[in-house]
Amino acid sequence: MSNAVLNGLAGAGGGIIAQIITYPLQTVNTRQQTERTAKTKSKTNQPSSSSDRGTGGSTLAQLLQLFQAEGLGGLYSGLKPSLLGTAASQGVYYYFYQLLKNKVEARAIARKKEGRGDGTVGMLSWLVVAASAGSLNVLLTIPIWVLVTRMQTHTQAERKIMEARMESAIREMSTANLSESEMKAKLAELASQKPCPYGTFLAAREVYNEAGIRGFWKGIIPTLVMVCNPSIQFMIYETSVKQLQAKRSSIRKQPNDKKLSALEVFLLGALAKLSATVATYPLLVVKSRLQAKQEIGRDGMSRYTGTIDAIMKMIRFEGLHVFYKGMGTKIVQSVFAASVLFMLKEELVKFFLFIARIRHIRAIKSKDR
């Protein structure tokens with residue numbers, strides 16, 4: 001098994017486990033990002049509707065609200081395509097990342113032999129490697145993430161649609177000669193309507209009916225720009241690892257002692273992801289809003305036709321603060337997920353290498369017999 005395939009499989013396995021652990025936080029964060037809140041004249045932005053108030057409070061409070069309203073199904077809405085997307089994304093990313101990394105490191109060693117450079121890979125080279133792997137990953141897997149976003153925000157959009165129907169019904173009944181009991185009965189009938197079961201195939205059909213094949217690549221521009229997130233993350237991670245290994249080798253005077261503990265990998269992964277998330281979060285908010293159902297926006301002011309339209313309307317009608325909506329939740333979720341991912345990936349690589357070594361020893365012994 002090649003080094004690139006090994007890292008691809010380890011990345012996919014670690015990514016799936018990290019995704020399952022942190023998925024409820026991701027669901028809450030997506031809903032925070034896509035909730036519209038109009039500007040107010042007061043110093044603090046107050047939600048303008050009951051649905052807005054439902055998204056207020058701390059992350060823990062919102063997790064509890066979501067669990068009480070929708071149960072575990074709400075917390076893990078869209079988990080199946082998300083796990084497929086995670087496995088595909090991590091597998092594709094780590095495969096191409098390792099493939100390109102091997103070539104860059106081989107080139108650096110060749111340059112050293114020619115008397116040019118010290119044989120190490122610079123920050124810019126790490127950035128190019130990570131960006132190239134990330135771009136390929138985005139182009140191949142974004143349709144899955146469009147479906148995940150739709151499924152995470154489905155009940156949120158249905159609630160907005162129901163609120164619009166209720167308001168319309170109230171306006172119609174106010175002009176009609178209906179008794180109070182008749183009005184209450186009609187409103188109760190509307191309120192009793194529940195959203196239809198919403199699975200992966202229904203989400204895919206809905207996206208296709210709205211925009212055709214292009215709909216599966218909604219938000220591609222901010223997503224491609226967001227490639228700099230894992231690029232920054234891996235650049236910081238690789239640089240930190242190299243520096244820690246060099247420092248340890250100089251202290252212990254053992255040049256070959258380059259192994260890091262699981263805790264060290266966990267902490268370095270957390271630091272790298274935290275830095276990358278803060279830098280690129282506004283693009284994530286734009287991407288989520290483009291991929292979610294546009295019915296979440298109650299009118300044309302909060303519905304978007306493209307990336308530029310979304311950015312301009314968000315600034316105009318909600319203010320600059322909206323680009324960092326739910327960032328606290330995202331930092332907790334992504335930093336913890338990345339830390340678990342890095343740690344598990346390294347441990348899985350060690351495990352796969354151990355299994356390969358055992359098989360190799362057994363093969364040698366069988367030949368000797």
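Each residue, glycine too, has its Cβ placed from N, Cα and C.
Positions annotated as region 'Disordered' by TrEMBL: 31-55. Taken from TrEMBL, the feature repeat 'Solcar' covers 2-103, 121-243, 260-351. Taken from TrEMBL, the feature transmembrane segment covers 121-146, 265-286, 322-344.
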Check your understanding: For the repeat 'Solcar' (121-243), what does DSSP give as the number of helix, strand and coil residues?
Key -> 104 helix, 0 strand, 19 coil
Study note, to complete from the structure: Within the same chain, the residues 6 or more beyond the ends of the transmembrane segment (121-146) and with Cβ under 8 Å of it are 81-82, 84-85, 88-89, 92-94, 96-97, 100-101, 104-105, 108, 207, 215-220, 223-224, 226-235, 238-239, 291
Check your understanding: How does the repeat 'Solcar' (260-351) divide up by DSSP, counting helix, then strand, then coil residues?
Key -> 77 helix, 0 strand, 15 coil
